[in-house]
Amino acid sequence: MAAPVVSGLSRQVRSFSTSVARPFAKLVRPPIQIYGVEGRYATALYSAASKQNKLDQVEKELLRVAQLLKEPKLAASILNPHVKRAIKVKSIGDLTAREKLSPITTNLINLLAENGRLNNTPGIISAFSTMMSVHRGEVPCTVTTASALPEATLSELKTVLQSFLSKNQVLKLEVKTDPSIMGGMIVRIGEKYVDMSARTKIQKLSKAMREAM
C-alpha cells in the first residue's frame, strides 16, 4: 500500500526540481545524500538552486522561513493539522509575497502546502543546511568540557583540530560545557568521537578494579 505514496512523492519532487529550471537538465546531486521525505525535497531544492547559481540565496531564504515558523501565530495557522489546506495555501501565498522570496523557494513552500507536507518544512530546511555545510567543506566539531576554556587554550585547541583537516576543509566548532564529565574533554569531529573526560576514565578504572577482584 505504501508504494503508490512513495511513487507519488517521487513524481512531485522530480516535478519541482524541473519546474523552476529550464531547459530540463540532469539532477544536480548534493554533496551528501539524505534519506526520507525531507531528503528528497532538499535534494530537489539543491538541484534546482544549483542550476540557477542561487544556492546561497535559497539558503538565506530558508533560514528566514525557519525563523518565521517559530512565530506562534504563523505556526498555529499553517502547521496545525486541523486547519484546512486551502487556508494554509492562502497563508503561505501571503507569506512568500510579503517576504519577496525567490521563485525557487516560493515553489517549494507552495508545493509543500498543496501536498499537505508543511510539517516537513523544518526537516527539509535542516537537510538543506546540512547539504550546504558539506558543500562549503565545513566539518562539524563539538568539544565538551566541564567548565569554560580560557581563550588561549581554546585558540590552541582550534589549531590542533584544524590540523586534522585537509586543506579545503573548514572547521565548524561548537564548544559546550557539562560539569558532569568532571574534567578533561569529549571531542566529536566529523564521524570521529574521542572521550577523554575524567568521568569516563573513572568509570573505566572502576570497571577494571571490579574485574580484577
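Each residue, glycine too, has its Cβ placed from N, Cα and C.
Residues 5-23 are the range that Swiss-Prot records as motif 'SIFI-degron', among 5-23, 119-137, 138-156. Between the CA atoms of Lys70 (N6-acetyllysine) and Lys60 (N6-acetyllysine) there is a gap of 16 Å, rounded to the nearest whole number.
Under the three-state DSSP scheme, Lys100 (N6-acetyllysine) falls in the coil class. Counting only same-chain residues at least 6 apart in sequence, none has a Cβ under 8 Å from the Cβ of Lys90 (N6-succinyllysine).
Of the recorded residues, Lys100 (N6-acetyllysine) and Lys60 (N6-acetyllysine) place their C-alpha atoms 12 Å from one another. Ranking the modified residues Lys60, Lys70, Lys172, Lys176 by other CB atoms within 10 A of the CB puts Lys70 at the bottom. Local packing around the modified residues Lys54, Lys73, Lys100, Lys158, Lys192 was summarised as the count of other Cβ atoms within 10 Å of each Cβ; on this measure the leading residue is Lys54.
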